Amino acid sequence: MLYLASRSPRRHELLQRLDVPFQTLELDVPEVRAPGESPEHYVHRVALDKARAGLALVQADDAQAIVLGSDTEVVLGERVFGKPVDVDDAIAMLTVLAGRTHQVLTAVVLVGAQRPPLQALVVSEVTFDALDATRIAAYAASGEPMGKAGAYAIQGRAERFITHLSGSYSGVMGLPLFQTSQLLTAFGAH
């Protein structure tokens with residue numbers, strides 16, 4: 001059985017598009033970047049931590065379990081923009097991202113008992129229009145930025161702020177479908 005180690009409704013929705021049966025695991029895995037840790041290493045580590053935590057939860061009952069972990073972070077330079085803690089934090093993030101091109105890093109990891117993990121890192125570039133304080137405040141007040149890396153949802157109202165996307169749309173949403181499908185096939189789960 002395939003398990004998705006994620007609370008994200010977007011990842012659940014995206015994984016359904018691959019027509020693979022799976023169950024979702026509700027896990028609480030710390031997402032804290034270590035001092036000096038590169039954004040790439042951080043996103044890989046968190047995805048692996050989620051997958052391993054999920055495997056530890058189910059492998060006693062399912063020896064054939066395959067667990068998918070994923071993490072998405074918005075990055076500008078070496079700064080990682082996680083999920084905003086409140087509306088003011090969302091406004092601060094969006095103010096920095098406005099009028100600039102940033103990267104969205106999404107790592108996908110598959111783990112199974114007695115198998116080495118398989119992983120992929122997808123890097124997309126997203127350019128935001130120049131946004132004034134009024135537009136940023138209105139978007140932040142909508143509540144949509146909460147729970148989203150970088151304080152925006154590409155599939156929601158923030159889509160109108162994006163002038164250019166290079167990379168994976170589904171990766172920016174939280175699960176790059178092409179790469180995930182390849183990993184599942186390589187792992188024998190698709």
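Every residue gets a Cβ built from N, Cα and C, even glycine.
Quick look at what Swiss-Prot lists:
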type	residues	note
SITE	ARG10	site 'Important for substrate specificity'
ACT_SITE	ASP71	active site, proton acceptor
SITE	THR72	site 'Important for substrate specificity'
SITE	GLN155	site 'Important for substrate specificity'
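Locations of recorded Swiss-Prot features on the structure.
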{"residue": "ARG10", "record": "site 'Important for substrate specificity'", "contacts (Cβ under 8 Å, 6+ apart)": "ALA153, GLN155, MET173, GLY174, LEU175"}
{"residue": "ASP71", "record": "active site, proton acceptor", "contacts (Cβ under 8 Å, 6+ apart)": "GLU31, VAL43, HIS44, VAL46, ALA47, LYS50, THR106, ALA107"}
{"residue": "THR72", "record": "site 'Important for substrate specificity'", "contacts (Cβ under 8 Å, 6+ apart)": "VAL43, VAL104, LEU105, THR106, ALA149, GLY171, VAL172, GLY174"}
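In this view, GLN155 (site 'Important for substrate specificity') is surrounded by 16 other Cβ atoms within 10 Å of its Cβ, with every protein chain counted.
In the three-state DSSP scheme, ARG10 (site 'Important for substrate specificity') falls into the helix class. Under the three-state DSSP scheme, ASP71 (active site, proton acceptor) falls in the strand class.
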